[in-house]
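All remarks here apply to the structure that follows.
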Amino acid sequence: MYNRVVLKLSGEALAGEQGYGIDPTVIQSIAKQIKEITELNIEVAVVVGAGNIWRGMAGSAQGMDRATADYMGMLATVMNSLALQDSLEAIGVESRVQTSIEMRQVAEPYIRRKAIRHLQKKRVVIFAAGTGNPYFSTDTTAALRAAEIEAEVILMAKNNVDGVYNADPRVDDKAQKFDTITYMDVLKDGLQVMDSTASSLCMDNDIPLIVFSIMEEGNIKRAVLGEKIGTTVRGK
């Protein structure tokens, strides 16, 4: 069992079947699953994506300035983070949102030592606004924050896949799922686990990653308890 984890949630996971925005039923289910692992005395930090609201890369592809599009994505992660905080606190889980871009009226600024102190007090810390810099994904944010707070693992909860495959299982019936794989293989084979910056950061800092489906309730707890689930990525 892990003692301190970073949970990476894709923005799309929050949209549920509607595909856009925030599905209250889904976010309440995720909040309950997070509560389950906090009750095991596990320290939990969360990084949320923004794909349910906005994608910087998509805006850039349509002619928008890339940096501007990325900043819009960072703001969208704050909306998702506040929604998750609200769902957590509604069921009695104390939490804090920390943002990489200061907006003191709605959240704390990101301060590493303060984040660690919150975790030690068993508060869930939600890291929002990415790294605060354009051109960096929320996957990279998860890797960076995991290294900074010395998390033991990153739990990557996906909404459309249950692990890492050698091909896209949605289009290739013969795609095979890996139980374990190395970061070097992920980078060498160009597997779509996380972007190369995030993968390299995890590899260099020896942070294992568990990729699994968020759609099956209880999977977060299973991953934390070390049950065989999804795909584990580690080492070189």
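Glycine is treated like the rest: Cβ placed from N, Cα and C.
Feature annotations, courtesy of Swiss-Prot:
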- K8, L9, S10, G11, G51, R55, N159, Y165, D168: ATP binding site (BINDING)
- D70, T131, G132, N133, P134, Y135, F136, S137, T138: UMP binding site (BINDING)
- 16-21: region 'Involved in allosteric activation by GTP' (REGION)
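Reduced to three states, the DSSP call for G51 (ATP binding site) is coil. For the region 'Involved in allosteric activation by GTP' (16-21), DSSP puts the residue distribution at 3 helix, 0 strand, 3 coil. Comparing C-alpha positions, D168 (ATP binding site) sits nearest to T138 among the binding-site residues D70, G132, P134, T138. If you compare every pair of Cα atoms in K8, L9, S10, G11, G51, R55, N159, Y165, D168, the residues listed for ATP, the longest distance is 24 angstrom. Applying an 8 A CB threshold to same-chain residues 6+ apart, the list for N159 (ATP binding site) reads S10, E12, A13, S213, I214, M215. Between the alpha carbons (Cα) of P134 (UMP binding site) and K8 (ATP binding site) lies a span of roughly 19 Å.
DSSP assigns D70 (UMP binding site) to a helix in the three-state reduction.
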